[in-house]
Amino acid sequence: MTIERTFSIVKPNAVAKNAIGAIYARFESAGFTIVASKMLRLSREQAEGFYAEHKGKPFFDGLVEFMMSGPIMVQALEGENAVQRNRDIMGATNPANALAGTLRADYADSFTANAVHGSDSIESAQREIAYFFSDDEICPRA
């Protein structure tokens, strides 16, 4: 059994729908432990820094604006094969392609306003968790 950590964001559209609790319940029902969590509003600098790998792509400016449009929840999830399992729970990036019962099928409004973000690799998860949380904000539980 490989216990991993992954990073997740509940995006502004899902926060606006008051879906935080429902999404967190899905994480926990899937066997994840939420080891860090906080609500915040991204500044332009934070949003551009977080999505820096997409700078220059056609969707970058719209994504940054959307991520600044309201509060978000950021969380670190811990569990077996966490990165891939979270991606399975989220569903396809484009909600039009997301399977029924996935977070994006249930809460997304569009390709950009797709309700949740999740790390795509262990390396990304480590970088993304460190972007938002200091080591003393991570609270693993036995």
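Just so it is clear, glycine is given a Cβ too, placed from its N, Cα and C backbone atoms.
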Legend entry - One of Lys11, Lys17 listed by Swiss-Prot as binding ATP at the site of Phe59, Arg87, Thr93, Arg104, Asn114: Lys11
Legend entry - Reduced DSSP assignment, Arg87 (ATP binding site): helix
Inset, instruction - Could you find out if DSSP has Arg104 (ATP binding site) as helix, strand or coil? - result: helix
